[in-house]
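Asker: This is the structure I want to talk about, given as structure tokens.
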Amino acid sequence: MSTSIKAIKESLEAVTSLLDPLFQELATDTRSGVQKALKSRQKAIQAELAEEERLEAMLSYEKALYKKGYQAIAGIDEVGRGPLAGPVVAACVILPKYCKIKGLNDSKKIPKSKHETIYQAVKEKALAIGIGIIDNQLIDEVNIYEATKLAMLEAIKQLESQLTQPDYLLIDAMTLDIAISQQSILKGDANSLSIAAASIVAKVTRDQMMANYDRIFPGYGFAKNAGYGTKEHLQGLKAYGITPIHRKSFEPVKSMCCDSTNP
């Protein structure tokens, strides 16, 4: 009596290598259900191997620093440079050595449906997390570039009260005036797991803030557009005017402010 397809599927779930002899054994089973299960498991293993390879590549900066003796590497990234409303948010995250979190990537590449799950995984595994928030008023005062640096420095400062202190900083496309060894990495959130961890923390934190603002200031779509200049947001500006969280140094908000001051 041949093994049931259900039993074969259960056996395949335990297989983790494409070289497992079970694959060769099942290749001669002509049942369509078996062949479908076989191909499905092979595809899943290939995806798992590709993910492992991707994560390993994203640890290259960290591994090089571990070899040099650094122990607590902090990744730093920001979210919210471009929106017309809301703060710029930066995060500083120290992960355990060689830590890999499945699905962790540049937050812009992670499906929104998976943001919260990966965010929670980072929170659970991180040795330390700091968050810096610079509001729209200070952004208008100092410009968004300087505000981004201030947010990053604030995120680092938050680690002072935590057990693990960074001895090296990996920063997404930015150099900070601080007495800690550092490296600026172009597209760092896609090339360093530490920076990617900071990216998702900053992203989820800011999205939560903008969702709260959406309840306070309805009509602009902040929960969906996070303050970016979408059609709904621009229509809201025309219909209701600017809010206390809009950046007055950003167009078209800037022009609206000028128009309102002219007779």
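Note that Cβ sites are derived from N, Cα and C of the backbone, with glycine treated the same way.
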Asker: Of the residues D140, D167, D172, D177, only one is listed by Swiss-Prot in the divalent metal cation site with D77, E78. Which is it?
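Answerer: Swiss-Prot names D172 for this divalent metal cation site.
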Asker: Identify which of the binding-site residues D77, E78, D172 has its Cβ surrounded by the largest number of other Cβ atoms within 10 Å, counting every protein chain shown.
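Answerer: Top count of Cβ atoms within 10 Å goes to D77.
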Asker: Please list, in sequence order, every residue of the chain apart from D77, E78, D172 whose Cβ lies within 8 Å of the Cβ centroid of the divalent metal cation site.
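Answerer: So the additional residues around the site are I76, V79, A90, A91, T148, M152, I171, A173, M174, G188, D189, I195, A198, S199, A202.
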